[in-house]
Amino acid sequence: MSLTKSLLLALLAVVALAGVSAERARYDNYRLYKANAENAEQLAVLKQLESSSDSILFLDGVHIVGADVKMVVAPHKVPDLLEILGKAEIKYLLQSSDVQKTMDEIDEKVAMKGRAGEAYNWAQYYELDDTYAWLQTLAIENPGVVTLIEGGKTYQGRSILGVKITKSGKEKPGIFLEAGIHAREWIAPAAATYIINQLLTSEVEAVKQLAENYTWYVLPHANPDGYVYTHTTDRMWRKTRTPYQGCFGADPNRNWAFHWNEVGASSNPCSDTYAGPSAFSEIETLSLSNYLASLKGKIQLYISLHAYSQYLLYPYGHTGDLPDNVADFRKVYDVSIAAVNKRYGTTYTGGNIYDAIYPAAGASVDWAYGTQDVRMAFCYELRPSSNSFITGFKLPAAQIVPASEELLDSIVAMAAEVNNLGYFN
């Protein structure tokens, strides 16, 4: 059976699976607090809260002193939380007294299911099966240019579907773009599909060169099960959907076999940063890593899309030690964040993962750089900034296009500088 036919059958299975009803999680009267640990003792208190309570959803990892940590807190848990914070003298700020109301005020605008094949666009977000149908259509309409690829499988049997784009008609240096590994970060897959479309249709000379000079591998959804769950059940879901000891899922961006679970991850299955019981315990990361390994030597630039906070990051996440080619990373970083700023004045910051944002071992970019001879690997944390929206994972649909445009501007500059430095030779 051809890949196209087998994937069509898989898509039918996905549609059937997505139809199973589930009660949607709501956050009525949940509070959103921002706390900041000023010393190691206070940090330990927050870490204990993160590991022991299923009534507090941590939107940020609890890893370093001085970093803001946002917490969504169930109404019945608020008195206990405030007592604990008070005793530890941890400073906090109430940012929302009704998280559900705050979320409802943001117009994400999800497309009506089944309409993607007619007019897929970037004025709205799409469910998984509609995006997969669109990718299938691209492969049919662009023979010899777009090839449907299966980057892996999921616990629930879905395909990690993407496209390979060879606009020149022959193999060129490779760029791999992975998005959506964290399920709730909807802007990441949307931006990935925008880039696919621009590579195929743009008349802008710099974008045409980007399409023609490189072989592209783009996977908009590296965590399909989790993404489906954000549409059917819990908009704030982050992890995979593998069952573990009364809780579900591991953090797929803490599960890669490169300094796995050394720092910046949790061993608690109920934590949003649960690293899994072992490296590559998740079918998603294991199968995707196998696919990437099959491309070893063909990929020179790896890009991972996340949200939010407007960062551009490079290895490492497990240590403050810097890559041996850090001088080149900094050159690429400088031109890339300058480019992202030009169109709309959007400000990105960043640097090496460990120091710029927080320790995070077991990430995909570190694995690609550390084990696959991919000498340039970057992670974008897209819009909004950390202070722009209370629920930063819910970016209004009206911002999909501008966020994606400035990202593409940045990637154009990034690829040019990586080429200037000789990495595509």
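Cβ coordinates are placed from backbone N, Cα and C, and glycine is handled just like the others.
Binding of Zn(2+) is attributed by Swiss-Prot to His182, Glu185, and the same site annotation extends, among His306, His318, to His306.
Comparing CA positions across the recorded positions Cys247, Cys270, Glu381, the one lying closest to His306 (Zn(2+) binding site) turns out to be Glu381. Under the three-state DSSP scheme, Cys247 (disulfide bond) falls in the strand class. Neighbouring residues of the recorded Zn(2+) site, listed in sequence order and excluding His182, Glu185, His306, comprise Ala179, Gly180, Ile181, Ala183, Arg184, Ala188, Arg238, Asn253, Leu305, Ala307, Tyr308, Glu381, Phe393 (Cβ within 8 Å of the Cβ centroid). Neighbour list (Cys270 (disulfide bond), Cβ cut-off 8 Å, at least 6 residues apart, same chain): Asp54, Gly246, Cys247. Across the structure, Glu185 (Zn(2+) binding site) and Glu381 (active site, proton donor/acceptor) place their CA atoms 10 angstrom apart.
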